[in-house]
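All remarks here apply to the structure that follows.
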Amino acid sequence: MTKITIVAFDGTRHELAAENGSTVMENAIRNNVPGIEAECGGACACATCHVYVDEGWIDVVGEPEAMEEDMLDFAYDVRPTSRLSCQIAVSDELEGLVVSVPERQG
Amino acid sequence: MSETVETDVVIIGAGPVGLFAVFELGLFDMKCHLVDILDRPGGQCAELYPEKPIYDIPAYPEISGLDLVERLKEQIEPFDPQFHLARMVTRLEKGEDGWFEVETDAGECLRCKVVVVAAGGGSFQPKRPPIPGIEAYEGTSVFYAVRQMETFRDEDVLVVGGGDSALDWTLNLQPVARSLTLVHRRPEFRAAPDNVNKMYAMHERGVIGFQVGQVAGLKGEGGQLTAATIKTADGTMDLPCTRMLPFFGLTMKLGPVADWGLNLHENTVVVDTERFETSTPGVFAIGDINWYPGKLKLILSGFHEAALMTQAAKRIVHPDERVVFQYTTSSTKLQKKLGVR
């Protein structure tokens, strides 16, 4: 299990034990983290699981691929740290990862 | 003014489950009309994931959303379903004569004995970008689709987005508008490369403006837009404009289904698990739109629901006929309906 933290828009920190191979989105949904909608169920087709990766984690998490970048066009207030949480797979490297949920999903 | 059609069954939603319902209903001699808000059949399979493989359709280890829709269209062809596409159902009511009236926003009136709601997640509607105060300008200065080009004649138009719609309308409205600026958050587009090249060529000739950034706010009064505040990498700037066209894709909203007096459970329609009938007798709900204890939002569940719904629909549409259960493998009657020789 890998420890990840999802910070809701109101500042509440959701500390989750995530299984390696699962996505950050799946963990958010399973644990009812508010603000992650995941309308399409993880197909990288809707941009409603948008999160901001904490500055210190950007290099580890990496850049979005072209398809994800395309979907981010539909998200609101996209920043250089924006990612779709359904495209971030949990692994040992992400132990301690922190992401935050934007004000709203599109 | 309105065109009236009579049929056995109206299916609201032409996604995979609505399409398969045509097959099941067809085997039992019920004619179907389908209404869908999208301009082609397929629902989410066509709109959200046409290219993405689905792995849990029985007998298909892997099939794309688009292929599944094509196969279903082929399968229901013998029953000659009638499609009413790019239409939203605005009214559903039962008349005194026991027939349902289904009205669309194009003014059609479909009269039928049974209604099947197969509307998935609801209707696809343009996404409203969460720009503070945008509602005040909708319908006067801000539009989510171009219904008439005249609305944009001699106006200062801002097109926002990076997809095909944004590019198409940038190219089409440029000759009509007084000025046109395209705003997109990055210099790359997910649109037909040819159109992207044309847009950049027009920008180079100074015919249109192109600004990398995101709209953060709107300025104006009484619904009349005067400028949009754009957040760019270097700070914020105001772009004067009188019309704005945001193209941020589509989202699913329950929409008018909520207004038809059906019992709901968290944005889904409550049904029983024998007939998949709603709280209104004669109105059925199948696929992702329905809810019952244990419901799974799977295409295959929707197919099963379509088969059981058909048994109940048959008793309403043809009350005097006995419902005979038959297999397509052995029944020559069913095979005749399918055109098997």
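Positions of Cβ are set from backbone N, Cα and C atoms, glycine also.
Annotation comment: TrEMBL describes B:D36, B:Q44, B:Y49, B:V89, B:F124, B:D288, B:T329 as FAD binding site. For B:8-293, the entry in TrEMBL reads domain 'FAD/NAD(P)-binding'.
Here the features listed in TrEMBL are placed on the structure.
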residue: B:D36; record: FAD binding site; Cβ contacts under 8 Å, 6 or more apart: B:I12, B:G13, B:A14, B:G15, B:G18, B:G43, B:F83, B:H84, B:L85, B:A86, B:R87
residue: B:Q44; record: FAD binding site; Cβ contacts under 8 Å, 6 or more apart: B:G15, B:G65, B:G120, B:G121, B:M252
residue: B:Y49; record: FAD binding site; Cβ contacts under 8 Å, 6 or more apart: B:S64, B:G65
residue: B:V89; record: FAD binding site; Cβ contacts under 8 Å, 6 or more apart: B:I12, B:V35, B:V102, B:E103, B:T104, B:D105, B:P256
residue: B:F124; record: FAD binding site; Cβ contacts under 8 Å, 6 or more apart: B:I37, B:L38, B:E47, B:L250, B:T251, B:M252
residue: B:D288; record: FAD binding site; Cβ contacts under 8 Å, 6 or more apart: B:V17, B:G120, B:G121, B:T268, B:K297, B:G302
residue: B:T329; record: FAD binding site; Cβ contacts under 8 Å, 6 or more apart: none
| field | Intermolecular Cβ proximity, binding-site residues B:Y49, B:V89, B:D288 versus chain A, under 8 Å | value | B:Y49
| note | Reduced DSSP state (H/G/I helix, E/B strand, rest coil) at B:T329 (FAD binding site) is coil
| In the predicted model, what is the mean pLDDT computed over the domain 'FAD/NAD(P)-binding' (B:8-293)? | 94
